[in-house]
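A short write-up of the structure that comes next.
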Amino acid sequence: MKKLTTTIRRGLHGQLHVPGDKSISHRSIIFGAISSGVTEVNNFLPSEDCLTTIQAFRDMGVVIERSSDHVRVHGTPNGLKLPRHPLNMGNSGTTTRLLLGLLSGQQFTTELFGDASLSRRPMRRVTEPLSQAGARFQVGEKGTLPITVFGQRNLKTLNYRLPVASAQVKSALILAALQTCGESTIIEKLQTRDHTERMLRAFGGEIYQHGRTIQVMGKPQLTGQNVTVPGDMSSAAFFLTAAALLPGSEVTLKNVGLNPTRTGFLDVLKRMGASVDVLNEKKQVEPSGDLRVRHAHLKAIHLSQEEIPSVIDELPLVALLATQAKGTTTITGAEELRVKETDRIAVVAEELTKLGARIEELPDGLIIHGQTALNPQMSDRVDTHGDHRIGMMLAVAALLCDNSLYLENEAAINISYPGFFDDLKQLCEEGTAER
Ligand code: S3P
């Protein structure tokens, strides 16, 4: 159990480099592994989820050297090797789904398993479209892990309209399509993060996008690259939220990824009336820039389906912001939140209610009534429920409380941000130091 910092009087101050982007870190290992030559990755995110991806590829014969946040991947373009034991996916949905796509076209049979949370998450959304292309799986009745993948060398090209807005599913299909002869077409329900498409192009693949239609050419010659991972917008979002909420704050987050499919949270902050400036923008494969945020008075907004994918992982923070905003905020069309590391609709409502927030659950979202002072009500305990993003959201919520608060199952935060509490402390201490 972790005692959370409360009673921040002067807000957050200073500047910080948040760790590398989780989605891009995973993909740098995957593309490095299937390309010829060496891929050098800088600012890799050494969190539990991304280390799961590294371990899985090492288990399949890929030589990967890592020193802190620098990774060197020695590509094996002629195919991965049969692992000696089932592959452990830990808590990582991204590793699992992307590997289901990649392994469906390899030359061996292997089994994937995960922890209790991952073993509840839906996998048929990936195995069904892949099966239409000739892939073979053994999936349990509930459509969850463990799954056996019977790799097939003769996968057919894909032609598939996605019924869910999911970058993981889209990426799995792209990775399968790369192993087929010819052109595959994937149509998204809504545009989701496009890190796979950008990285594939940078490694020499052919992939085209017209609106929500994606065309991928099979059997490309991919070549290892130098990848510099920008800071993770989803990690920056915790400090953006804290600084927006706490009077007196001014924080600058350096070199954060600004891929337009990931910046929905900045739009939400601005619409709520927050003061956010983008500085030193760099236009590159994955654009990045510095984000400066100051405290401001916030107002309620409505968020609907089209906007959800670009802010999907930040929705727990939108709920927290909304508790302090003037008016009633509604989030709809976000049913995907129910199948994340936890049911984030239920867990956000449960945990923020413990602090006195007025929140109603919808089947596909939340209604949050604003400007409620947060403080522990019946108990001084809140819980991550094993979900990293819930844990960090609650640590930010604690900064608004006067009374002590303790976080249970705090180790979950290592899934995406092992140094989170140190970084938060740094910004809080710069706020309390004589200025
Ligand atoms: C991710 C896609 C999203 C996101 C997850 C990472 C990715 O999941 O929530 O944290 O790296 O592709 P879905 O594809 O399930 O929406």
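Cβ atoms here come from the backbone N, Cα and C positions, even for glycine.
Automatic prediction, not curation, is the source of TrEMBL annotations.
The active site, proton acceptor feature in TrEMBL is assigned to Asp313. Cβ neighbour count for Asp313 (active site, proton acceptor): 24 (other Cβ atoms within 10 Å of its Cβ, all protein chains included). Under the three-state DSSP scheme, Asp313 (active site, proton acceptor) falls in the helix class.
Neighbour count (other Cβ atoms within 10 Å of the Cβ, all protein chains): 20 for Gly93 (phosphoenolpyruvate binding site). Per TrEMBL, phosphoenolpyruvate binding site is recorded for Lys22, Gly93, Arg121, Gln168, Arg344, Arg389.
Here TrEMBL flags Lys22, Ser23, Arg27, Ser166, Gln168, Asp313, Lys340 as 3-phosphoshikimate binding site. A helical conformation is recorded for Ser23 (3-phosphoshikimate binding site) in the three-state DSSP classification.
The domain 'Enolpyruvate transferase' annotation in TrEMBL covers 10-424.
Set side by side, the binding-site residues Arg121, Arg344, Arg389 differ in how many other CB atoms lie within 10 angstroms of their CB, and the most is found at Arg389. Measuring Cα to Cα from Arg121 (phosphoenolpyruvate binding site), the recorded positions that fall within 10 Å are Lys340, out of Ser23, Arg27, Ser166, Asp313, Lys340. Of all the binding-site residues given, namely Lys22, Ser23, Ser166, Lys340, those whose Cα is no farther than the 10 Å limit from the Cα of Asp313 (active site, proton acceptor) are Lys340.
Only Ser23, Ser166, Asp313 of the recorded positions listed as Ser23, Arg27, Arg121, Ser166, Asp313, Arg344 bring a Cβ under 6 Å of any atom of ligand 1; the order follows the sequence.
Using Cα positions, the member of the binding-site residues Gly93, Gln168, Arg344, Arg389 nearest to Arg27 (3-phosphoshikimate binding site) is identified as Gln168.
Note: the Cα of Ser23 (3-phosphoshikimate binding site) and the Cα of Gln168 (phosphoenolpyruvate binding site) are spaced 9 Å from each other.
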